[in-house]
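**Q** Pasting a structure here, questions to come.
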Amino acid sequence: MADRKTSTTDSHSSPTIELMRLDDKHIHESKSAQNTHAKTQHELQTPINNDDLESTSTSTTSPPPSSDPTALQHWNKPRGNIARFAASFYAMFVFGLSDAAYGALLPYLEQYYNLSYTVVSLIFLCPFAGYAIAAFTNSWFHHKFGQRGIALVAPGCHVVAYIVLSLHLPWPVVVSFTCLAGFGNGLIDAAWSSWAGHMEAGNILEGSLHAFYALGCTFSPLIATSLVVRRGVPWYYFYYMLTGLSFVALVTSTSTFWSKTGAVYVREHPRVPGQSSTKLALRNRVTWLCCVFFLIYVGAEVALGGWIVSFMLHVRRATPYASGIIGTGFWAGMTVGRSLLGVVTHSLITYTNQPHKSGLFHRLRLTERSVVTVYIVCAIGLELLFWLVPSITASAVAVAFLGMFLGPIFPSGIIMATKLLPNHLHIPSVGFSTALGGTGGAIFPFAVGAIAQEKGVQVLQPVVLSMLVVLLLVWLCFPRLKVHDRAE
């Protein structure tokens, strides 16, 4: 009887017990799921080790957003960046040697081929086509071949172009192959500028990168003038040297960036699903502001650097050697500006945006926008001095300081763009704007030459002054940086 009662009790209580067991199981599974979710969230929020990105091809974890400071690489982390920066600095140095050579060799090209101002100015205009192609293919190159592709193709274009120029073939052939050199220049300028700009202490790194370009521009007229004037050799001997240096750049760039394939780039910079990065960049107002800004800046820089030797020869009546030295002074000033003022810009912005600073300027908050405004105003004043004081000595001093204040403007513009744009638009937007903006280095020097054909080379000064004023107005159109961006 007792057994029957027990049995009956068990049979009646079993549904309740079963429900309690199910509840316990459900609670256990819920806690387990919460723990798993928390672990997953922690893993997703943990920053990716950059060395792992280079050595692993199967990771699917996305890098943190650009607003997260941990997303920024350093010049020495991963350690492969040290060699990459060295190769990039050297490539920019060779790029500068090439760019400034056109202006230094311009009078001798006129004599050798018996050309007018307008026709010889084609050597500035023809690279426009190469730059334009680089602007539209830069993002595709990165996604398809990565930085390895840039490191292989860009110096390769230089080697081929400079071999042709060193053969001193007929003028149409020579000027046509400057398009190929322009394509290589556009790829290098856009790729390495975008890469350095999105790093810790970007102002310093970007300034250093472009300081090596300016250093090449400094040595270029000095070497070219010494070869042609002092040694009495033909102009094309300069391109024998440039061919060898470009081949070294091909080897160093390819070897250091060999691991940075297209797959690595896509993993580090994932696209927005269903959207083209280039199309997204072209819809962004900042991209087009950068295009106009870089177009005018590079145009003013190359117009000055390209025509200053001819201006000093024909307007200031300086000797050929003195004219070449003054042209060198412009690029030397730019080298100092990019290396020294780049550090000054970074230090000023960092210090004035410290939360607990004290002293006379404790309320001052500086950004790239305010600092570069001062640089452009100083450049306008020095350009007026260069134009209005007809002295060779005054011209030499004004030109050197003009180069110094123009120097940090381009790198600071790239830093401004990387702070205003999301991470996935850095390469397509900055790459497009720097490459397309680089066409200003073809259009405006050609325009100066075309006008000089009718009015004389003295038109250089009012043209450059007007460009600097417009440059200031365009710069002031950039959006103001948010508070959290100022201290980055």
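The backbone N, Cα and C atoms fix where each Cβ goes, and this holds for glycine too.
These figures come from a predicted structure and were not determined experimentally.
Copying in the features that TrEMBL gives for the protein in this structure:
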REGION    1-73  region 'Disordered'
COMPBIAS  20-31  compositional bias 'Basic and acidic residues'
COMPBIAS  32-49  compositional bias 'Polar residues'
DOMAIN    84-482  domain 'Major facilitator superfamily (MFS) profile'
TRANSMEM  87-109  transmembrane segment
TRANSMEM  115-137  transmembrane segment
TRANSMEM  173-192  transmembrane segment
TRANSMEM  204-224  transmembrane segment
TRANSMEM  236-258  transmembrane segment
TRANSMEM  286-309  transmembrane segment
TRANSMEM  370-389  transmembrane segment
TRANSMEM  395-418  transmembrane segment
TRANSMEM  430-453  transmembrane segment
TRANSMEM  459-478  transmembrane segment
**Q** Mind looking up the mean pLDDT for the domain 'Major facilitator superfamily (MFS) profile' (84-482) in the predicted model?
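**A** Reported value for the domain 'Major facilitator superfamily (MFS) profile' (84-482) is a mean pLDDT of 86.
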**Q** Should the transmembrane segment (370-389) and the transmembrane segment (459-478) be scored as in contact, given a threshold of at least 3 Cβ pairs under 8 Å and pairs 6 or more apart?
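**A** Since 3 or more Cβ pairs under 8 Å link them, the transmembrane segment (370-389) and the transmembrane segment (459-478) do come into contact.
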**Q** For the transmembrane segment (430-453), which recorded stretch in the set 87-109, 115-137, 173-192, 204-224, 459-478 gives the largest number of Cβ pairs separated by under 8 Å?
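**A** Looking only at 87-109, 115-137, 173-192, 204-224, 459-478, the most contacts with the transmembrane segment (430-453) come from 115-137.
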**Q** Which one, 87-109, 115-137, 236-258, 286-309, has the most C-beta pairs under 8 Å toward the transmembrane segment (173-192)?
**A** 115-137
**Q** Can you tell me which recorded stretch out of 87-109, 204-224, 286-309, 459-478 has the most Cβ pairs within less than 8 Å of the transmembrane segment (236-258)?
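**A** Per the Cβ count, the answer is 87-109.
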**Q** Would you confirm whether the transmembrane segment (87-109) and the transmembrane segment (395-418) meet the contact rule of 3 or more C-beta pairs below 8 angstroms, pairs 6 or more apart in sequence?
**A** no
